[in-house]
Structure formats: C-alpha cells, structure tokens
Amino acid sequence: MRLRTAIATLCLTAFTSATSNNSYIATDQTQNAFNDTHFCKVDRNDHVSPSCNVTFNELNAINENIRDDLSALLKSDFFKYFRLDLYKQCSFWDANDGLCLNRACSVDVVEDWDTLPEYWQPEILGSFNNDTMKEADDSDDECKFLDQLCQTSKKPVDIEDTINYCDVNDFNGKNAVLIDLTANPERFTGYGGKQAGQIWSTIYQDNCFTIGETGESLAKDAFYRLVSGFHASIGTHLSKEYLNTKTGKWEPNLDLFMARIGNFPDRVTNMYFNYAVVAKALWKIQPYLPEFSFCDLVNKEIKNKMDNVISQLDTKIFNEDLVFANDLSLTLKDEFRSRFKNVTKIMDCVQCDRCRLWGKIQTTGYATALKILFEINDADEFTKQHIVGKLTKYELIALLQTFGRLSESIESVNMFEKMYGKRLNGSENRLSSFFQNNFFNILKEAGKSIRYTIENINSTKEGKKKTNNSQSHVFDDLKMPKAEIVPRPSNGTVNKWKKAWNTEVNNVLEAFRFIYRSYLDLPRNIWELSLMKVYKFWNKFIGVADYVSEETREPISYKLDIQ
C-alpha cells in the first residue's frame, strides 16, 4: 500500500513538473549547460584553415566593412542580371520526377526589355556575340565579351577549354533567358524530398574524394570543404528567408538553422573557408580590373564601390599555392577540375527553378574562383592577362554574386548567434525550460516527495505527538485543560483487509474505465491516422514526399551532442 502511494505520488509530481513552465529557477549549472551547446563552437581567434592566414574574427570584421558596398554593387544594373538556360536536360539521370509545383519554386524572367539598360538590350548582346575575330571559333565568342566591351586593341589569343571549371557555353544557348536576380531572391521554397537528397548524395558520394583520399593532400580536403561550405551556405540562406505561414512574412527561422547548420561547427567553418577562397580570387584579379572597367557603361559610383570592396581584401586571406604545394600534378589538377565541373552540371538536375538558378550561379562563381586561383601562373604575366581577359561577363557576375551570397551567410551566422543567445536568456526560453525541467530534475523532486510520503506513513503517530508538543510550547501562556485521551477501538486485521479490498476494487474499476474510454476514442484515432496517411500519400504524389519530415516539429529538442 505504501509503495503504491509512493508511485502514485511520483507520477503526479513528474506530470506537474513536466507541464509547469516556472517549476524551477535557472542556476549557474544550467547556464554552463547552455554554454556547452554546439552553436558556432569555434574559437574565433583560430585560423580558418591551414591554408588561410586569417582568423574568424578578422573575416567578420572584413565582411562588416564591405557589406554595404557589396550589397549596393550586386543590386546595380550590370551585376543584378544573369542569363541561363533553366530547362537544360539533366545528363546524369531522368529528372522528370519530383517537380516542385510551389509558386516559390518558379522564376520570373525579364520580358520588358525596354526597362533594361543599353548594354543588356538584345541587339547589344547579339553584337557582343557576333562581332568576333574570324580566326576564333563560335565557342570563344562569349569569352571575348570583356575585350569587346572595353574596346581593347589587344588581339585575343586562343586557349584550350581545359582551364574552365564549368561549361561557359551554358549561358549562350538558344533557350537561355535573362533573369533579374533581385526579383528572384534565394529563399526557402519547400523543395526537398528524395529528389533533393539524390542531388547532394551524388555530389558527395560520386564527385568528392573518398575518406581514404582526403587527409592525404590539402587539395582533396579543400574540394570537400568547398562543397560542404556551399551546401551550408544554401542552408543558411533558406533559414534566413523562411516563410512564416502564420504571418505570411519571410523571416529568419532559428530552429531550422540550428537543425541544419548551427549544431555542426565544421559546416560553419567551411562557409568561412569558402568566403576566403572567393575573396582571394577577387583580390587576385584586382590589378586587371582597369583593363575591363566597363568603358563608361557602369557609372563611377559603382566602380568606386567595387574598388572599395576588393581593396579591403588581402593576399593572406587564402594561400592557394599551399593547396597544391606537395602534390601539384596535371593528373590531380585535371581530376579536381573535372569533378567540380560535374558539380556544376548536377545543378541541371534540380527540379526547383529558383533552386537551380542560384545553384548554377554559385557553382559558376566557385568555378571562376578556382580558375583564377589555380590556373593563373604568377610567374607568367602573359598567361595571367590572357586568362583574366577571357573571363566572360557571366563568370564575373557569378563570382561577385557568389561572394555576396557568402557575405550574407557570414552576416546571418552572427545574426542567428544573437537570436540563439536571446532565446537562452529570454523569459520565454523553452530550451532553458528543457534543461531546468529535464527528467533527472523531475525524478529528484519526485524522490523528495516519495521520501516525505513514506516518512509520513511510517511516523503518523509520532508526528501527531510532535505536533501536540509543539503547540503546547507555542501557547505556553494559556492555561488550557489537558485533553482526555480516549482510546479508540481497533479492529486490527479486519480494517487492514477491508482497505486493501476497497483499493483493489477501485483499481479494477479504473482499468475498465480506461478500456472503455480507449474504445470510445478508437474511431477518432483511426480517422486521424488515416488522414495523416492520405496527406503523406498526396505529398508523395505531387513530388514533396518528405516535405513534412524536413520541418522541425520539436525544434528545441535537438541533439546537442551531435558532432
């Protein structure tokens, strides 16, 4: 009987503690538990990587200084437009399944050409592509854009296509359309499921170097970090621009960010690594910018902003010579280039138009950065001028846009860190409530209650005597007659068995009531279960089979011990 009472008290105490929001007060020990979580658990004074002679704090400072000018630069008429074939056939598998039918997946193309500046008009674009030198083949037309745009007198020299890390002819196809990037921002579209998982699985498993290969050279490790940082940067953008279905507004989603990025310090680190790689590529072409300074087609203000951005970068931000220092060979370099070119082609298999657009832009930007860093021979000035001179306008736009995406990712990481801190220290801190009302604290308080109950059961008579004695001391000034103690008759064993019988009867009745209520609730439970199955089947039918599972239903209950 006493044990049953104690167990009942335990259950009641546990339920009360679990459902109360203010059961406990946060202690220093709880605060230490918060500090041990994995959000950006990186020493900001450490270097980003062995090939980067710059710390996380230094990159944050650089990004803060250039952020305004970079944002204005990317919104200018020259850099905010991009040309792309959105419906190029996937060359890896049949990608007709899993189409994203959400309006957020679509892309708004430019139809009113009259609103475009002169250098984006069709006849101007056509002249750039057609007025080429006779000795060059058609595939080199677009590569000579910057030379023609700036009316340089230097004759271009033919160069093999083997230096490209992406297919530069993707932007001149007959099905290519012009897109205003400011009207199609990168944000959460709801695209996901098995098809999206297949994209990243193919990139990591079939194109990244294997675990046995990585660690043997910085080049192979750098390839994986580029892909991982690219993936993490996309996740950060989607977390920042997430549709709140209750308010209808696009706003940051801390829970989604934590589930995808915040709990994984290596992913945050790889984003900073990518930032350093692209920044060094921009710094490396700075001496050649006057040679294709857009010939007065871009106003002076935009030129100044571009100079302000690149001038604050430094050569120490990334040492590309160290990446291939010990194993620079044509075979490894060709393999590196071939694998990354495959990554850019895999973007054609993405069935969300908006996702494909930004995937192609950013992979093209990374490909351009790699070409600048690894194909320009510092000892050969002629080769440097030649490679930079053959950059297409789309490569240059993609390079700046990719740097802008990484800049926004770095800014978003710091923003999410502040949001995370406010949640930990806020009055409505559900994560704090988890640590304060966790199962072990509940058991601790329940154990106290059990001990108290058992002590009361075992010392009822002693408790009464102590109470009477304490009362006599409290009212010592009153002369009260002593109460006459009349012994009550005790039936002994009879009362004991009677109480036990009544208790067991009540338990049986309660069990029958539980079974009865379960049968009453059965139709409703079957209806809800069937509705959920139909809902999942419908999502699978329209191509978003795992859409529900990607949302964090219990966002605060992440596994903070994940490495």
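Even glycines carry a Cβ here, placed using N, Cα and C.
Positions annotated as active site by Swiss-Prot: C355. Taken residue by residue with DSSP, C355 (active site) is part of a helix.
Annotated FAD binding site per Swiss-Prot: R187, T189, W200, S228, H231, R260, in sequence order, evidence recorded as experimental evidence. Sequence-distant neighbours of R187 (FAD binding site) (same chain, six or more apart, CB under 8 Å from its CB) are A104, H237, L238, K240, E241, Y242, L243, W250, R354, listed in sequence order. R187 (FAD binding site) falls within neither a helix nor a strand when secondary structure is assigned with DSSP, and so counts as coil.
Residues or ranges marked as disulfide bond in Swiss-Prot (evidence: experimental evidence): C90-C349 (among others). Of all the Cβ atoms in the protein chains shown, 16 others lie within 10 Å of the Cβ of C90 (disulfide bond). Secondary structure at C90 (disulfide bond), taken from DSSP and collapsed to helix, strand or coil, is coil.
The disulfide bond annotation in Swiss-Prot covers C100-C105 (among others) and rests on experimental evidence. Of all the Cβ atoms in the protein chains shown, 25 others lie within 10 Å of the Cβ of C100 (disulfide bond).
According to Swiss-Prot, the disulfide bond annotation covers C143-C166 (among others), on the basis of experimental evidence.
Taken from Swiss-Prot, the feature disulfide bond covers C150-C295 (among others), and the record attributes it to experimental evidence.
Taking the Cβ of C352 (disulfide bond) as reference, residues of its chain lying under 8 Å away and at least six apart in sequence are, in sequence order, C100, N102, C105, T189, Y191, A196. Residues or ranges marked as disulfide bond by Swiss-Prot on the basis of experimental evidence: C352-C355 (among others).
Marked as signal peptide by Swiss-Prot on the basis of sequence analysis: 1-18.
Around the Cβ of T189 (FAD binding site), 19 further Cβ atoms fall within 10 Å across all displayed protein chains. Spatially, by CA atoms, the recorded positions C90, C349, C355 include one closest to R260 (FAD binding site), and that is C355. Fewest Cβ neighbours within 10 Å among the recorded positions C105, W200, S228, C349, C355: that distinction goes to W200. Using CA atoms as reference points, the recorded positions C90, C349, C355 were checked against H231 (FAD binding site), and the closest is C355.
Taking the Cα of S228 (FAD binding site) as the reference point, the closest of the recorded positions C90, C349, C355 is C355.
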